[in-house]
Every structure is written in C-alpha cells, then in structure tokens.
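Shown next, in structure tokens, is the structure this report addresses.
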Amino acid sequence: MKFIIKLFPEITIKSQSVRLRFIKILTTNIRNVLKHLEDDTLAIVRHWDHIELRTKDDNLGPEICDALTRIPGIHHILEVEDRSYSDMHNIFEQTLEAYRETLVGKTFCVRVKRRGKHEFSSGDVERYVGGGLNQHIESAKVNLTRPQVTVNLEVDQDKLILVKARHEGLGGFPIGTQEDVLSLISGGFDSGVSSYMLMRRGCRVHYCFFNLGGSAHEIGVKQVAHYLWNRFGSSHRVRFIAIDFEPVVGEILEKVEDGQMGVVLKRMMVRAASQVAERYGVQALVTGEALGQVSSQTLTNLRLIDNASDTLILRPLISHDKEHIINLARQIGTEDFAKTMPEYCGVISKSPTVKAVKAKIEEEESHFDFSILDRVVSEAKNVDIREIAQQSREQVVEVETVAELADTDVLLDIRAPDEQEEKPLKLDQVEVRSLPFYKLSSQFADLDQSKTYLLYCDRGVMSRLQALYLREQGYTNVKVYRP
C-alpha cells in the first residue's frame, strides 16, 4: 500500500532552505506518530514536493490514513497504486478496469499530472482516457465543471499512479517549525480551540492549568489536554503543569475589592504562567480570550492583563464569536469535554469592572501577599503528558480492571456518541448501556447501585480517569473493562 502526502501550500512558497527544513521536520513527525505501529515494512521517503509512504501490511492502511489526516503540515493524502504501462491506450485500459464500477451512473472528469519526458501531454491523456471511459461505460457522462467523480491519474516517468482515494489533511505547519508556547488551559471551549490553532500553526503546545476546583477539575482538564496532544500533537513530548491556585484565590477574596477581582486574578495567572514559561524556555503564552466575551476581556482590561508580564501573550480567538468557537470545538472533538467542565473564574466577582484603572489595580495588588504566588508556582506539578495515561493507572490501582464480564455486570460505554455510532459495542448476554463520559458525574447516581458497572473506552485512559472520579465520590461498584 502506498500513500502520497502533499504539503500544505504555504510550505511550498518558502525559500529552498526553509522548505527543506519544514519537509524534514514533517517527515520526522510522521515517523514519530506512526512508530507505535511497529511495522518493519513501513518506509517513509521525502521528496521536493511530496512525501511518500509505503507499507506491505494493507491492514494498517485505514489506521495510517487516519493518523496522517491529523498531523499538521499535510494538505491532503492520496491513497495510490503504482502500475507500469506501455502506451496511452494501456493507461486507458488500466483506468477502465479500476474505475468501471465507480463510474456507473455518475458524471466524471479525468485529471492527469505528469512528470518526466513523454510523447504525450497531460491534456492528451485526459482526453484519451476520458473519451474512452465515456464510450465504454454507457451510463457515465462527462462533466468537466462539477463532476460527481474525479478520476485522478499521475504519470511519473514510466509509472502509472492510480489515485484510489483522496483524504483531506489538517493543513498548517509541521509542529516544531515554530517555537514552543504555553497554553493556559481551563478545559472549556476557548482554551481547547486556541491550543489546537497554535498546534496547527506549527507550535509545540505545553499546557498550564490553574486548579481552582480540586482533583475532579484537574482530572477533567487532563483529559482535554491528553486528548488534544494524542489527536494532533503526539509527534512531540509536551509538559502538563498543574498549579494549585486556591491559595491565590483565597488571598484575592480576602484582600482585593470585589469589582477588581477578575482582572487581578487574570494578572496573577499571567505572572505565574510567565514564570513557568521562563523556567522551560517557552517564548509565549496562549489564552482563549475573545474580545468582549466576558468582563475581563475588554480592550482596557486585556491591556492591563498584558502589562502584568513581559511575556508575549497570543490570543488566536480574539475576533471569534462564541458560536464559531463552539463549532470549531465540535470539529476537533473537544465540545463534549467543554460542555460539562465547570467554570470557576466567574464566581469570584459579583460586579466585575469592564474598564479597570491601572492605578486602582496596582493599589489593590499592593495588599496581596506575593509570597503566596511564588510558593504555588514553586510547588507546581510538572508531568510529561504521555505519563497521564500511566498516572491514571496508578491512581485507580484500587479499581479492578477486567477482561471478561459476568452475566450480572453492566457495561457502560462512556465514549462520545459519534464514536459509539462509528464502532458500536455489542457483547452477547451482557447488558450494554450508553452513558457518555461527560454525563457520568450527573447521571451515575441515577443508576441501580446494586449492580456493578464496567466502564469502557477505546484506549482505557478516559475510563480509568472517570473510575477514579467516581471512586472519589464514594462509589465502590465501578470497574474498568479492557478486553
């Protein structure tokens, strides 16, 4: 099986040295993402205008293709088949054999790309093959403007490349071509989308989480960060830094005037994140702030928040409205996480200012004990995001993991609804119930607690984290199902 990986167009307009560097980084990223397949026949070769991937194991094709569509820097992926040919008529015969069933009752056009010296042009092949297909498939009709099927062919020297399928890529720049950033992640719609946008633009995104809601909140945000990394950024190692911000919030509640609390809290977060960024050599912070969305996100307040630190703050969503942000979250798969993620920042100020005055803010901050901020930063927990899955195993070691089910057990499929539809879970003589992970906290108590519930997800990370959460809530009738 062979894939031709086409580069994001902005890469192709770079200078020769930059373009070669980007292609080299993208090739390395692809290798890193696919190394878990342990396929000895996998070969990846970079060229000037594309990257070629081959494997002898056809069963891995769908998994490889799915992974490639989630790697930044790729415009599209062509699933192709190499063949030899003798002349233009032979090209037509092979194309007819490959596309006859596909074109029945459809409109079509033929598009050809050619490399090398030949006695014919690309247009010659398009007309000859297209005319032949039109004659030999009676129900097929040519439509050059809006065809239902596009027959893509490539003639490379003495090889005919039949394009069996085209898959759209993520676009953007390969991760690692730009410098590292630190995302202030809360688990909501905005921070998840802003993190994704910087990954897509070529940045390795580390995560900084300010914990205001205890272990349950931290577990939820870890799920979001791990999901984003695993889905779009697993080519690189990244950090997840958790800072216990409850002492800072307590000091603000005690020392700062009500109306100024929101801006002061954001300034404290920026100060703390800047210290973390400096410690690890990160160049910029990323937030999910959008202009005018909440009281602290007016231009006046954002300017005051920026002034708390010299570190560059990037706000990729600054001009986006909430509906658009939610749509983006739905596209990348973080919507379900964000729907049930509690928002703690908004509860600390009853009448927040929308136009803070610098002198007033500084006066309020003069009452603040900054040793508390320094202490929570020094005590921050820093983990490799790849260890989150391992940590979840260690944290729920008291939660039994089983591979077989008893007749009286109830299997809870906690995957998102779209995942359940794509890969339905059916087991003989076992009751299977659907309860997505984001509804567990609110609906698990409604279940019959005399039964034992086995939580299932594809990779086992989400089920372990949710099992830990339920155990913390006092439920002992929970296990993890790993077939």
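Every residue gets a Cβ built from N, Cα and C, even glycine.
Here's what Swiss-Prot has on this protein:
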ACT_SITE  C457  active site, cysteine persulfide intermediate
BINDING   L184, I185, K266, G288, Q297  ATP binding site
DISULFID  C345-C457  disulfide bond
DOMAIN    62-166  domain 'THUMP'
DOMAIN    405-483  domain 'Rhodanese'
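Between the alpha carbons (Cα) of G288 (ATP binding site) and C457 (active site, cysteine persulfide intermediate) lies a span of roughly 29 Å. Cα of I185 (ATP binding site) to Cα of the residue listed as 'active site, cysteine persulfide intermediate': a distance of 24 Å. Largest Cα-Cα distance over the residues recorded as binding ATP, namely L184, I185, K266, G288, Q297, equals 16 Å. Sparsest Cβ environment among the binding-site residues L184, I185 (other Cβ atoms counted within 10 Å): L184. When DSSP labels each residue, the domain 'THUMP' (62-166) comes out as 38 helix, 38 strand, 29 coil, counted as helix, strand and coil in that order. Ranked by Cα separation from C457 (active site, cysteine persulfide intermediate), the binding-site residues L184, K266, Q297 are led by L184. K266 (ATP binding site) carries a helical DSSP state (H, G or I). DSSP assigns Q297 (ATP binding site) to a helical segment in the three-state reduction. Around the Cβ of the residue listed as 'active site, cysteine persulfide intermediate', 21 further Cβ atoms fall within 10 Å across all displayed protein chains.
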